[in-house]
Amino acid sequence: MAKRKKKKKVAWQSQLTFELVGLGILVIAVVALAQLGTVGETLVRLFRFFLGEWYAVLSIALLVAALYIMVKREKPPLWSRRIGGLYLMLLSALLFSHVGLFGQLQGNEGFSDQSVIRNTWNLFWLDMYGEVQHSDLGGGMIGAIAYAASHFLFADGGTLFLCFILFMAGLILLTGHSITDLFGKAIRRTYLWVVDFIKGTWNEWKQFRKESKEKLEQDRKLLKERKEKKAAKRSRNEDPAQEENDQPLEIVDFSQRVSHEAKNDATVKQQVKPAKQEDQVSKEAPEEDKLASQGQEGEEMPTVSLATAVTPNDDYQLPTIELLKLPNNPNQSMEKRLLHKNAEKLRKTLESFGVKAHVSKVHLGPAVTKYEVNPHVGVKVSRIVNLADDLALALAAKDIRIEAPIPGKSAIGIEVPNQEVAIVTLREVLDSPQAKADRNVLSVGLGRDISGEPVFAPLNKMPHLLVAGATGSGKSVCINGIITSILLKAKPHEVKLMMIDPKMVELNVYNGIPHLLTPVVTEPKKASQALKKVVAEMERRYDLFSHSGTRNIEGYNEMITRQNEKEDAKQPTLPYIVVIVDELADLMMVASGDVEDSIARLAQMARAAGIHMILATQRPSVDVITGVIKANIPSRIAFGVSSQTDSRTILDTGGAEKLLGRGDMLYLPMGATKPTRVQGAFLSDEEVETIVEFVVAQQKAQYAEEMTPTEETKVTEKVDDELYDDAVNLVIEMNSASVSMLQRRFRIGYTRAARLIDEMEARGIVGPYEGSKPREVLVQAQDDEASSH
């Protein structure tokens with residue numbers, strides 16, 4: 001009896017335990033499904049951590065398990081054939097959900113980490129802290145682990161296929177039927193429908209082909225006739241230059257010029273030469289009228305020099321562009337064939353170093369081909385820049401330059417030298433539609449950029465230009481191209497030139513052209529004086545502007561033009577003045593102080609006065625291109641240099657050391673953040689001589705005496721300062737001269753001491769100013785007495 005009671009008690013306790021456990025699980029399931037209170041939200045977050053957006057499946061499973069425990073009063077089975085099928089189908093759903101989540105993570109810049117598990121963990125904690133409103137967790141951590149393993153083994157495509165296989169396997173285990181039993185009828189019906197559709201479509205296509213065959217033949221005949229008519233019309237009325245400009249630069253070589261114009265090139269030159277002698281005779285009379293008219297003007301305005309007021313010569317004709325040679329067309333077919341091959345090499349080379357990127361665009365330039373590379377999300381630009389040598393090795397290139405990034409684009413430019421360099425001529429640059437539409441007389445042609453577009457430099461907007469590069473890099477050709485561009489567009493009364501050529505061989509060919517203010521200055525000592533005269537001219541112009549109430553040369557010339565329309569006496573307008581220094585380094589060696597001061601003053605103030613400078617040097621060191629010069633000349637052109645240090649001296653950035661030479665340049669205009677790579681326009685000596693002969697035949701040069709540097713005469717007047725003789729004796733005795741020394745010894749002010757030093761320099765006692773070094777004493781003790789007279 002006691003044993004029976006004990007068994008009933010144990011059975012009752014077991015039933016009570018199952019019911020209590022079932023009720024507890026039921027409470028958890030209901031609270032989680034309804035998200036009741038803080039406990040419900042916590043359970044939901046816990047379920048989402050494991051199953052992601054499929055968290056409701058776990059709540060439903062707990063609900064079913066609770067009911068099973070309370071009804072059956074036994075533990076629910078955790079594994080069976082059907083339950084295993086449900087497991088596989090759930091795993092397939094979790095894996096598929098995480099495939100979509102991984103695509104979102106790749107497109108989100110905020111998650112650059114490639115680990116799916118870490119990204120899922122971060123998303124879960126962002127959701128926990130409330131920083132993200134119900135973020136998508138995909139398949140939760142279970143899905144993340146499954147996807148990480150599947151993606152590592154099978155990639156994205158294999159993962160999707162694995163999802164399908166898991167789902168089908170789970171469906172088979174759940175239903176207990178094979179695939180044929182489940183989908184056999186549907187597959188057979190689909191197969192029969194596809195067969196019927198293909199047969200019907202085939203019959204309709206055969207009928208359509210039969211009916212349209214005759215119509216197609218008729219259309220071909222009509223199209224052939226139209227093409228023949230268009231070809232005949234084009235041969236009669238076609239404009240070769242316009243056809244060339246309409247051709248896309250990406251497909252056709254930019255350097256190809258119309259061959260029909262080359263036939264007329266020699267004829268044009270023969271017609272131009274006889275006209276030179278006639279023009280030379282007809283220009284003498286207007287020159288006399290100029291002098292007479294200039295003598296009658298200037299009564300209402302302050303006195304203006306001949307250099308600043310020139311009466312226009314109505315008979316002057318600008319040189320025609322036909323005087324320049326047509327370019328020879330290089331064969332770039334090999335470069336075009338290598339474009340796709342090199343683009344694929346770039347992609348594979350970057351991929352071999354773990355850099356995912358693709359080439360989106362290619363620019364075939366005259367000397368360089370530029371590949372635009374778009375890196376994938378998460379790839380640092382510095383990784384591609386650091387692979388410059390490896391990319392050059394893969395492409396078998398001499399050297400490559402990387403522009404990272406390209407301004408205005410989300411791409412990196414990789415510039416690879418061409419095997420065949422296409423020569424860009426000045427004629428094709430100045431014959432472009434952009435040049436014809438530009439009416440600015442100071443807009444000079446530089447060459448073509450990598451995409452084949454012509455590049456122009458408006459000198460009046462720069463307002464000054466610094467050109468630097470090693471010997472043989474194309475610097476002198478660039479200077480000749482700038483001067484020739486001005487001669488082709490500007491008349492002598494519009495632009496005046498002052499040329500300084502210490503080498504005495506580069507610019508002497510321009511002696512005699514009417515645009516010159518003075519003959520080409522070849523002596524370095526006279527060059528310093530010439531720059532001082534330009535500074536004086538600038539001051540005269542500003543004095544003229546102040547009396548006339550204008551602010552710049554454009555406003556003054558407009559005022560003169562309006563007055564000439566109302567009055568009979570014609571007043572001349574002011575021309576622009578372009579100062580060209582071919583070798584700045586030689587001038588800085590002879591008289592660095594005076595030259596730097598003059599250049600600094602012109603660079604700071606000469607823009608409004610219409611005075612612009614072009615400084616060229618082949619030694620881009622800091623003692624030549626000083627900080628004062630760089631600060632006031634923002635526009636620079638850098639040709640090939642030997643080191644990155646020289647490149648930084650010119651452009652404040654590297655890149656010029658990787659240029660190819662032969663006109664390859666980096667052009668940095670004022671306001672630009674990065675330099676533009678340009679293939680400079682080539683101009684032969686024969687073309688320069690032809691242009692100069694034409695210009696000289698049109699009008700003779702009229703040099704301005706007040707702008708011509710003269711020999712410095714020795715000062716003989718006595719110095720009006722009682723300390724001068726004592727100062728000379730002190731300087732000779734100490735064999736050193738400085739303003740501070742005179743201030744200390746004689747206890748005088750800076751102005752008086754500086755005046756004494758200037759008087760000694762004017763009389764040849766001490767040398768010129770040399771920066772921080774003391775001045776050199778040029779006389780001996782026995783010359784002391786004579787120096788004071």
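Residue numbering: from 1, along the chain as shown.
Cβ from N, Cα, C; glycine included.
Taken from Swiss-Prot as is:
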- Gly472, Ser473, Gly474, Lys475, Ser476, Val477: ATP binding site (BINDING)
- 275-291: compositional bias 'Basic and acidic residues' (COMPBIAS)
- 452-648: domain 'FtsK' (DOMAIN)
- 226-302: region 'Disordered' (REGION)
- 173-789: topological domain 'Cytoplasmic' (TOPO_DOM)
- 20-40: transmembrane segment (TRANSMEM)
- 49-69: transmembrane segment (TRANSMEM)
- 83-103: transmembrane segment (TRANSMEM)
- 152-172: transmembrane segment (TRANSMEM)
Can you list, in sequence order, the residues of the same chain other than Gly472, Ser473, Gly474, Lys475, Ser476, Val477 whose CB lies within 8 Å of the CB centroid of the ATP site?
Gly469, Thr471, Cys478, Phe639, Gly663, Gly680
Using the structure shown, find which entry in Ser473, Ser476 (the binding-site residues) has the sparsest Cβ neighbourhood within 10 Å.
Ser476
Least buried of the binding-site residues Gly472, Gly474, going by other Cβ atoms within 10 Å?
Gly472
How would DSSP class Val477 (ATP binding site) in three states?
helix
Contact set, same chain, for the transmembrane segment (49-69): CB under 8 Å, 6 or more residues outside the stretch:
18-19, 21-26, 28-30, 32-33, 43, 75-76, 90, 93-94, 97-98, 101, 124, 136-143
I'd like the number of other C-beta atoms within 10 A of the C-beta of Val477 (ATP binding site), please.
20
Just to confirm: which same-chain residues, 6+ apart in sequence, have a Cβ under 8 Å from the Cβ of Lys475 (ATP binding site)?
Val467, Ala468, Gly469, Ala616, Gln618, Phe639
